[in-house]
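Chemist: This is the structure I want to talk about, given as structure tokens.
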Amino acid sequence: MKIHEYQGKAILRKYGVAVPRGEMVTTREEAERVANDLMHDGAKGVVVKAQIHAGGRGKGGGVKIAKSVDEAGQLAGKILGMTLITHQTGPEGKKVQRLLIEETLPIERELYLSIVLDRSNGKPVFMASAAGGMEIEEVAAKDPNAIIKEWIEPGYGLGAFQARKIAFKLGLKPELIGQAVKFMQALYKTYDETDASLVEINPFITTSDNRLFALDAKFNFDDNGLFRHPDLKDLRDVTEEDPLEVEASKYGLNYIKLDGTVGCMVNGAGLAMATMDIIQYAGGMPANFLDVGGGANAEQVTHAFEILLSDKNVKAVLINIFGGILRVDTLATGVVQAATQTKIQLPIVLRLEGTNVEQGREILQKSGLNFIVAETMKDAAEKVVAAAKGVK
């Protein structure tokens, strides 16, 4: 689960991580009020920041600096309601419905900090770079040595000696080292206690008056840990998520929308990824990742089918099932129900193996629906790609 920057900063503030003063607003009038309050309280200006679940907002025109209350209001009026397009939103962009109005700060240096789970090592890794304010992937590609890494023992946490090592490698002033150690340890405590899978501060800044701040905040949370954090679960903004993905989550389905034309329904994440690979190998592009899971029932399969077909880009469907816990006859019943209810006109290719496969094939045959049967994954991929391209 992702959250907005203003929500992330509220969490950081709770854990003692310094963030600029600011407030989320949804109207021009609110923006002017917050800007007025901040400037009366010593701010030299304010930053008007679009709040969407995507990076690259500055380049897309979603982050602007205002030197006066009137200018803050004008900028808020322009940004609110705009469709912001960045390298992470896709060409369709995202509509801006809220803003963060924040004080400007006397920035001296922009750096980068993040904590993410390193699955290969089975522990969190604290990453830092002197190249802040940039896409960290670009920095790593140009110079891998520019990324400082410290692996953290979960049972111990981020040691002060590790934080000091990072601070020295970043070239921080001696008078900032102690402050930086506290900042980094508070950041790790935030990551650990919220069950986050990613906390990213880009940029992490030093100011001309020797203070440290998180100028931006990005959080990803492990969905499997949200039951322990009802307060975090309430921060979810479904308007920022794909409607089909939101609908799928209601039925316990793992669905991710992609840009292709071949709809996929598979049981098991590994088989689903292999199916997507073989579709591309056959010259097609998958329209989605859809894992119905091992314990799906006929009703869930029906919902999965309806969600898959709701994507207008889908030109053909591949159902690739290896029956284990999810029996093939259960899958077949759900597919027939969904195909009958939706009066589907698209080609459907099925590759079925495993538990109760003969019963499943019998259900499909008796349905009277026109399915294309494939014996192997290669055969299935070739048939569905041809069908998506209109080749008979």
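The first residue you see is number 1, and the count goes up from there.
Glycine is treated like the rest: Cβ placed from N, Cα and C.
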Chemist: Which candidate from Asn224, Asn254, Asn267 does Swiss-Prot annotate alongside Gly324, Ile325, Leu326 at the substrate binding site?
Modeler: Asn267
Chemist: Tell me which residues of the chain lie with their Cβ under 8 angstroms from that of Lys49 (ATP binding site), as long as they are six or more apart in sequence?
Modeler: Glu5, Arg57, Gly62, Val63, Leu99, Leu100, Ile101, Glu102
Chemist: How many Å separate the Cα atoms of Ile325 (substrate binding site) and Gly56 (ATP binding site)?
Modeler: 43
Chemist: Quick one: Cα separation, Gly56 (ATP binding site) versus Asn202 (Mg(2+) binding site), in Å?
Modeler: 11
Chemist: Sort out for me which one of Asn202, Asn267 has the most neighbouring CB atoms within 10 A, since those are the binding-site residues we care about.
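Modeler: Buried the deepest by this measure is Asn267.
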Chemist: So of all those binding-site residues, Asn202, Asp216, Asn267, Gly324, Leu326, which one's Cα sits nearest to Leu105 (ATP binding site)?
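Modeler: Checked the binding-site residues Asn202, Asp216, Asn267, Gly324, Leu326; minimum Cα distance to Leu105 (ATP binding site) goes to Asp216.
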